[in-house]
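*Asks:* Let me give you the structure first, and then I'll get to my questions.
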Amino acid sequence: MIKRTILPPATIGIIGGGQLGQMISLSAKSIGYHVGILDPTEQCPAGQVSDFQIVAGYGDEAALTELAEKSDLLTYEFENVDQDVLARVQKRTGVLVPQGVKLLTVTSNRINEKNFLRTHGLPTTDFAKVASPAELKVAVKELGFPAILKTVSGGYDGHGQWDINSEQDVKNMLEKWPKNLLAILEKRVDFVKEISVMVSRDNCDQVKLWPITENQHKNHILHLSYAPASITDSVVQSVKKEVSKLANEINLYGVLGVEMFLRPDGKILINELAPRPHNSGHLTIEGCNISQFEGHVRSICGLPIQGPLLIKPALMRNLLGDDLAKARNDLVNHPEWYFHDYGKAEIRPQRKMGHITVLGDEAIKKLKVWNK
């Protein structure tokens, strides 16, 4: 059980100022908390809606210390936080970090993550550590084709990933081997759906799961998320069992995003963990009685979480740089849209700039037509 309840108007310090930090901030402030942000980009999305922002790098120990001293607790909106710096600041200042540093240790390193899942009997894909060209050859012989090579840390939305589907792919990779690359080779599996679920625990350590979403990706970037997922009751129960076990084993506070593959035989494999709110959970803002962001705030502050319950079928569509202008122009014709613009200053083609959520079958049909 979380040791302390942090009540409003306490200050929550958020490491990271992107759209996840922005939506955490908005939820926190709606409850009555103050919010501070640490991010190197002035007027970042979260900084635009917070009470104050410290403009500095995430690993800047002096800046993180300042954030800790101005806050009653710290949280993070992404996994690539310098764990050593955070641990030192926490020890020196005594600031609460309810998510903990251990969660970062597990989720910021793909090998640690896979080993954690295996150790606790949770289903995941076969994998091998790869630290050299020679180890890649051995791993390919062990796992076979097709496979995917990923950097152990960092990388998202397809960055830092290479398809290894043939001997030619292996040859190409060996010829362009990045210096000091530490990677993981994962065996590709047949699957019929990509699904995900947001999970948290409340002030009584009760596991709370949001509705399971069904996801579609485009160029390795999440494109659409739909809830409820079109899956059988037995799959739902399997997800609840495995993810609840995961939440308890990792001593979870805050929200954890769990990405999974659904196999043709109805079994699930856990693909990746995100130690914070997740893109596929954005539809919970309008689609559920409590959003993943409010759930995150409530969990780290030691408050109860009611539900979560799906109000209506919901569909979320990401808006990348290429989509934003069209979506803004079409906004006048779509009163059914819940439109979110993250306020990022630089618009780039594959950058997440916002999202649209719709509720109910008719609105979902309209958004699918617009999406084409």
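Residue 1 is the first one shown; counting continues down the chain.
Cβ atoms are placed via backbone N, Cα and C, with glycine included.
Note: TrEMBL annotation is automatic and uncurated.
Checked TrEMBL, it gives:
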type: BINDING; residues: Arg110, Lys150, 155-161, 186-189, Glu194, His217, 271-272; note: ATP binding site
type: DOMAIN; residues: 114-301; note: domain 'ATP-grasp'
*Asks:* Identify, among the binding-site residues Arg110, His159, the residue whose Cβ has the fewest other Cβ atoms within 10 Å in this structure.
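*Replies:* Comparing Cβ neighbour counts within 10 Å for the binding-site residues Arg110, His159 gives His159.
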*Asks:* With H, G and I counted as helix, E and B as strand and the rest as coil, say where DSSP puts His159 (ATP binding site).
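*Replies:* For His159 (ATP binding site) - judged by DSSP and reduced to three states - the answer is coil.
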*Asks:* By the DSSP assignment reduced to helix, strand and coil, which category contains Glu186 (ATP binding site)?
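*Replies:* DSSP assigns Glu186 (ATP binding site) to strand.
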*Asks:* Given a separation of at least six residues and a C-beta threshold under 8 Å, show me what packs close to Glu186 (ATP binding site) in the same chain.
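*Replies:* Listed in sequence order, they are Thr125, Asp126, Phe127, Leu143, Ala147, Ile148, Leu149, Lys150.
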*Asks:* Going by DSSP, is Arg110 (ATP binding site) sitting in a helix, a strand, or coil?
*Replies:* helix
*Asks:* So if I measure Cβ to Cβ from Asn271 (ATP binding site) and keep only same-chain residues at least 6 apart in sequence, which ones fall under 8 Å?
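*Replies:* When sequence neighbours closer than 6 are ignored, Asn271 (ATP binding site) has Thr124, Thr125, Glu194, Glu259, Met260, Phe261 within Cβ distance under 8 Å.
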*Asks:* Using Cβ atoms only, which residues of the same chain lie under 8 Å from Val189 (ATP binding site) while being at least 6 residues apart in sequence?
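*Replies:* Val189 (ATP binding site) has long-range Cβ partners Thr125, Phe261, Arg263, Leu269.
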